[in-house]
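Below you'll find the structure, written out as structure tokens, and then a few comments.
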Amino acid sequence: MDQIEHITINTNGIKMHIASVGTGPVVLLLHGFPELWYSWRHQLLYLSSVGYRAIAPDLRGYGDTDSPASPTSYTALHIVGDLVGALDELGIEKVFLVGHDWGAIIAWYFCLFRPDRIKALVNLSVQFIPRNPAIPFIEGFRTAFGDDFYMCRFQVPGEAEEDFASIDTAQLFKTSLCNRSSAPPCLPKEIGFRAIPPPENLPSWLTEEDINYYAAKFKQTGFTGALNYYRAFDLTWELTAPWTGAQIQVPVKFIVGDSDLTYHFPGAKEYIHNGGFKKDVPLLEEVVVVKDACHFINQERPQEINAHIHDFINKF
């Protein structure tokens with residue numbers, strides 16, 4: 001990890017922290033919730049060893065990157081704006097893009113807004129979500145899963161923060177990263193995050209050192225910036241009306257664990273495998289379903305994910 005360089009740049013009105021290693025064509029890695037650049041530690045080291053420059057920012061609201069106060073500052077347009085500005089600041093014209101969880105959502109929007117900056121995309125866990133002009137995102141999730149669904153619970157500023165503050169931060173990360181349930185996460189108001197059982201032991205792919213890194217950073221920053229992505233999701237829906245029906249026009253490989261909760265959302269498998277996904281993403285070249293893998297697949301199965309990323313981007 002010592003070879004990873006940590007830089008801070010100005011972009012789109014914020015200061016952004018980026019982990020960077022290697023030389024060659026650039027691979028931009030976008031983390032999810034509740035994560036950091038650190039989630040890509042295995043991919044950063046691997047990609048740099050096979051001839052790429054791998055860069056992984058702390059996204060807006062996370063880690064050592066600035067965290068604007070207003071939830072309205074966290075739309076996909078803001079986040080993609082940060083990333084375009086970062087590439088400009090670093091003198092990078094085009095990248096291979098890799099996203100996971102919220103990073104995957106941002107990656108889909110990056111490809112919608114600025115396909116000219118993307119050579120190819122490898123996305124993990126979250127398939128493309130076509131915009132339904134009649135139903136905002138959170139309303140759709142509320143209809144499908146009810147008020148206790150975690151995205152719905154995260155909407156009111158301060159509520160989730162209060163819940164998280166009542167739990168040891170390291171314990172919270174153990175519970176989040178090790179949750180192997182494929183059921184939609186529901187957080188009843190009276191119980192909150194304690195509704196998800198903590199693991200008895202850490203899995204082999206996660207160490208106490210890893211947990212402590214996440215916990216230390218989030219103790220410094222709190223969770224508000226990260227939660228604001230959910231609070232701005234419907235504003236993103238509103239502002240992206242011009243892209244209703246637009247297709248993703250970059251080459252794509254999609255990877256998901258067969259035990260990933262996102263893969264078990266109602267309609268997800270049908271959309272991914274029965275033609276809907278390919279219609280919205282016409283340059284979708286491959287869908288990989290990884291057996292016995294859960295949501296944090298880039299950390300749980302790093303060697304497989306490294307190989308899948310390299311095999312795809314090596315074609316271009």
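Glycine too: its Cβ is placed from the backbone N, Cα and C atoms.
It should be emphasised that the depicted structure is a prediction, and the values quoted were computed from it without experimental measurement.
For reference, Swiss-Prot has these:
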| type | residues | note |
| --- | --- | --- |
| ACT_SITE | Tyr230 | active site, proton donor |
| ACT_SITE | His295 | active site, proton acceptor |
| BINDING | Tyr150 | epoxide binding site |
| DOMAIN | 25-302 | domain 'AB hydrolase-1' |
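Here the C-alpha separation of Tyr230 (active site, proton donor) and the residue listed as 'epoxide binding site' works out to 10 Å.
Calculated from their C-alpha atoms, the gap between His295 (active site, proton acceptor) and the residue listed as 'epoxide binding site' amounts to 15 Å.
The average pLDDT for the domain 'AB hydrolase-1' (25-302) in the predicted structure is 98. Of all the recorded positions listed here (Tyr150, Tyr230), it is Tyr150 whose C-beta has the fewest other C-beta atoms within 10 angstroms. All protein chains considered, the CB of His295 (active site, proton acceptor) has 27 other CB atoms within 10 Å. Following the DSSP three-state reduction, the secondary structure of the residue listed as 'active site, proton acceptor' is coil.
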